[in-house]
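Take a look at the structure below.
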Amino acid sequence: DQDCLPGWASHEGHCYKVFNLDKTWEDAEKFCTEQANSGHLVSIDSKKEANFVAELVSQNIKETRRTDFVWIGLRVEDKRQHCSSEWSDGSSINYQNWIEAESKKCLGLEKQTRYRKWVNFNCGQPYRFTCEI
């Protein structure tokens, strides 16, 4: 596995970090891009990666009333679509784990599913988030 910056966790050539900051989806994505070259909100490409991210979030989230939800790098770009065609890092969606398909536009992981299912929330709400580089 690749060497990660201090405080980042390594998994299959990528580095991940949960940030206990409340940000809107767009601000969280911008924050991730500022952490390192190629940084973005986390994209989840397999069940194995989903399980890794779920464990990382569970272990690193600081408990507050806002920690029931954590942004991932997926946003609905068009009300007519159920999902956008790509993650915020530009990679295509080849693994999916939706819990419901409403058009609240931005997706994240929900505590009551042990951070394993993708749930739609309003992009403008501030929540914790996970970055990947």
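Glycine is no exception: its Cβ is also placed from the backbone N, Cα and C atoms.
Disulfide pairing as given by Swiss-Prot: among Cys106, Cys131, Cys123 connects to Cys106. The record in Swiss-Prot lists a disulphide bond between Cys4 and one of Cys15, Cys32, namely Cys15. Summary for the disulfide-bonded residues Cys15, Cys123, Cys131: the Cβ-based neighbour count within 10 Å is maximal at Cys131.
Within the same chain, the residues at least 6 positions away from Cys106 (disulfide bond) whose Cβ sits under 8 Å from its Cβ are Trp25, Trp71, Leu74, Arg75, Val76, Asn120, Phe121, Asn122, Cys123, listed in sequence order.
In this structure, Cys4 is the one among the disulfide-bonded residues Cys4, Cys32 with the smallest number of other Cβ atoms inside 10 Å of its Cβ. Cα of Cys32 (disulfide bond) to Cα of Cys4 (disulfide bond): a distance of 15 Å.
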